[in-house]
Every structure is written in structure tokens, then in C-alpha cells.
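Below you'll find the structure, written out as C-alpha cells, and then a few comments.
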């Protein structure tokens, strides 16, 4: 039985309509996903399920390219994947819609939790709960360190660089210095591989237009910070601080923790380390990446406006970097020099996370009960149990036995 040509056309039109959603459709879909996608990096699986299996907006290969790109640039991986999907579907508007929609639920929930925190943190009944939260943060940092180690530590040289990075951070050297030292070591180790060919980056002509939008965004960032500088020095500090953190947050959201700790606690004394740990812990009760801690920091330092400024600032640089990287991704993923330097950076991140874990552990009042909560939460995280479940179970244990 032959199908009428008109029927074929209608069927094709329906497929194109289904596979090319509007920016509003993208926004609403990622908004819904952002409400339930707990688990940090594991949330990428939820994004894949929605866009590849359920809605069939992308094929597997295209989605995997987005995941691969998110792994080699700074920023929270799941946020970068969301933006990549949006860009694939609707260009710059789609990228912005997916990126903003995915972050919005986490921001609102974190803001709500922070307001509650400010009202109850001094109550006697909440002391044990926040002590349990800090133990969870130690478990989280230890688990993140273990995962980073398994992925990136390959040689004795890697272990040596890890130890140097950890020692420098423990000695209160800036993590930015640690990263630059790692890049320098990487250049020294792989300088023989540097050739004209290895430094060549090909940009397809049809993809050059994206840099026009990147230029607009960079100009917008400049104006944004200029206005903040003129009206409120504290808000300007929050903005530049969070942007700096985001630029160096390789390896996903966990990579931001040492930098944010250094900037917020050590360098500018905006809060003490225990309060910062509380912010990280509250972030685990929300969907979205660990960098949503920026909302907590922003609210404590600058109120509601501060929370908005911090949240926008901690996501903006990585969004711009993603857009800038899409045209050159094919060159980057096969570039030996880039891959080796990135490896050095990620190895140094393991060292930074080791130092952060030690520092956080020293802030906990350890007891047999605290050790039980740590072991239980660490094992559950190691076994990839849902983050929200782990946090809630640990809070119940803390309330009962601490």
C-alpha cells in the first residue's frame, strides 16, 4: 500500500515540530527537571533521559558530545549540558532558556532554606542538626576526593603533584596559584609534544557567528560589574568573587569548593568556615549543582539582592565559556597539549579537595556518634544513593544520637 505524498510531508512536518521545540518549551521542560534532579553530576542522566529517550530532541551521539564538552571546561557539568542541549535545539536563546530554567528551582529553594537558617541557627534544638550537616559535608568532600582520584590519578607523578597541591593549600596559598603551578608543570612535562600542529585550532566558518553573541555577553558582564562598582562595593565584591570562582571550577561543581572557601572565608572573611560548611550542606538539600552555595553566601553578605547577584555571577562565566568552546570543540577534544594540561589541572584539584576535606574534618566535634554518621553517609554516597535521601537520613541520625 503506497502512502500519499501529502501524508509523508505531514509526517515529516510533525517530526520536525516535535524535534525542534520552542524556547518556551525548552524553558518549561528544564524548569520541571530542575525541580527534581537531585544528585549533582548524576543529574546528567536525568537530562539524557528527557532529551534523548522521552522527547527525542537529540540523538545519543549529539548528547554525548555535549557531555564530553562539559567535562573539559569550567562550571557545573549538568548546567553546561543543559545549556548545550538548549543551544543545539534553539541556538543562543535555547541555551539561555535551558540554563536559567534548570538553575531557577535550586536558587529559590536555597534562598528559602537560607532565610530559615538565619532565623533558627542559634536555637538549641537545631545545634545537633547543623552538626550533622557538617559531618555530611565532610562525607561529601571525602567522596568527591575519592571519585576525582579514581578518574585522574594515574602515575607516581600525579601523586606527587597531588601532594604538592594539597600542601600549598593547607599552607594557605591561593588555589589560583596552585592551578597556575600545575599548568606550568604540565607545560614542562609535555613541552616536547608542542608543535605548530598541536597548537592549531580549526573553527568552522559557519560557527564564527556565535562569537558575536559572546562579545555582547562579555560587554554585558563589564557593564554589570561597572554598575555594581558604582552603587555598592559589597555587591561588586560578590560578583567578581563568584565569577572568578566559576572561571576556575574545572571538573564540575566540586571544583568550585576550594576556590569559594578560599575567597569567602580566608581572603575576604565574609563568614567563618563552619557557616560556609552549613551553606554547602543546605545546597545538598536542593536540586542543582553544589555551586548553588553562592546563593547562601550572597544572602548572608548582601541580603536578597546579594543572593541574586552571587547566583548570576557564579554561573555566567562558564555559560560564556561553553558558548565560546562549541565551535572549537572538535579541535580541543583531539588536542594532545590541551588534554595533558587539563589533566594536570584536574590532578591538582584532587590535592585541593584532599586539603579541603582535612580542613572541614578538623571543624567537626568528633565523637563515636559523629563517626557513625560519617561512615553511614560516606558509604551511602559511595554506593551512589540519592543525595537527598542521604542528607535526610543523616539529619535524622544526628537529631537522635548527637
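Using N, Cα and C of the backbone, Cβ positions are placed for all residues, glycine too.
Model, not experiment: these values are computed from the prediction.
Marked as transmembrane segment by Swiss-Prot on the basis of sequence analysis: 26-46 (among others).
Taken from Swiss-Prot, the feature transmembrane segment covers 67-87 (among others), and the record attributes it to sequence analysis.
Sequence annotations record features per position, and here Swiss-Prot assigns transmembrane segment to 96-116 (among others) based on sequence analysis.
Taken from Swiss-Prot, the feature transmembrane segment covers 126-146 (among others). Within its own chain, the transmembrane segment (126-146) has Cβ neighbours under 8 Å at 120, 254, 257, 274, 277-278, 280-282, 284, 350, 353-354, 356-357, 360-361, 363-365, 370, 373-374, 377-378, 381-382, 390-391, 394-395, 397-399, 402, counting only residues six or more beyond its boundaries.
The transmembrane segment annotation in Swiss-Prot covers 168-188 (among others). Using a Cβ-Cβ cut-off under 8 Å and counting only residues 6 or more beyond its ends in the same chain, the transmembrane segment (168-188) has close neighbours at 161, 194, 244, 248, 258-259, 262, 266-267, 340-341, 343-345, 347-348, 351-352, 355-356, 358-359.
Same-chain neighbours of the transmembrane segment (213-233): 92, 239-240, 243, 302, 309, 316-317, 319-320, 323-324, counting only residues six or more beyond its ends whose CB sits under 8 Å from a CB of the stretch. The transmembrane segment annotation in Swiss-Prot covers 213-233 (among others), and the record cites sequence analysis as its basis.
If you look up Swiss-Prot, you'll see 235-255 (among others) marked as transmembrane segment.
The transmembrane segment annotation in Swiss-Prot covers 289-309 (among others). Long-range contacts of the transmembrane segment (289-309) within the same chain: residues 40, 76-79, 103, 106-107, 110-111, 113-115, 117-118, 228, 232, 234-235, 238-239, 242, 245-246, 249, 252-254, 256-257, 260, 264, 270-271, 275-276, 278-280, 282-283, 315, each at least 6 residues beyond the stretch ends and with a Cβ under 8 Å from a Cβ of the stretch.
Residues annotated as transmembrane segment in Swiss-Prot, with sequence analysis given as evidence: 312-332 (among others). If one looks beyond the transmembrane segment (312-332) by at least 6 residues along the same chain, the residues whose Cβ comes under 8 Å of a Cβ in the stretch are 65, 68-70, 72-76, 79-80, 83-84, 87, 92, 95-96, 99, 103, 200-204, 207-208, 210-211, 213-214, 217-218, 221, 238-243, 245-247, 249, 256, 291, 294, 338.
Cβ atoms under 8 Å from those of the transmembrane segment (338-358) belong to residues 72, 138, 141-142, 144-145, 148-149, 151-153, 158, 161-170, 175, 178-179, 181-183, 185-187, 189-190, 193, 250-251, 254-255, 257-258, 261, 332 of the same chain, restricted to positions at least 6 beyond its ends. Positions annotated as transmembrane segment by Swiss-Prot: 338-358 (among others).
Per Swiss-Prot, transmembrane segment is recorded for 360-380 (among others).
The transmembrane segment feature in Swiss-Prot is assigned to 381-401 (among others). Residues 38-40, 42, 128-129, 131-133, 135-136, 139-140, 143, 146, 281, 284-285, 369, 372-373 of the same chain, all 6+ positions outside the transmembrane segment (381-401), place their C-beta atoms under 8 angstroms from a C-beta of that stretch.
Among the listed stretches 67-87, 96-116, 360-380, the one sharing the most Cβ pairs under 8 Å with the transmembrane segment (235-255) is 67-87.
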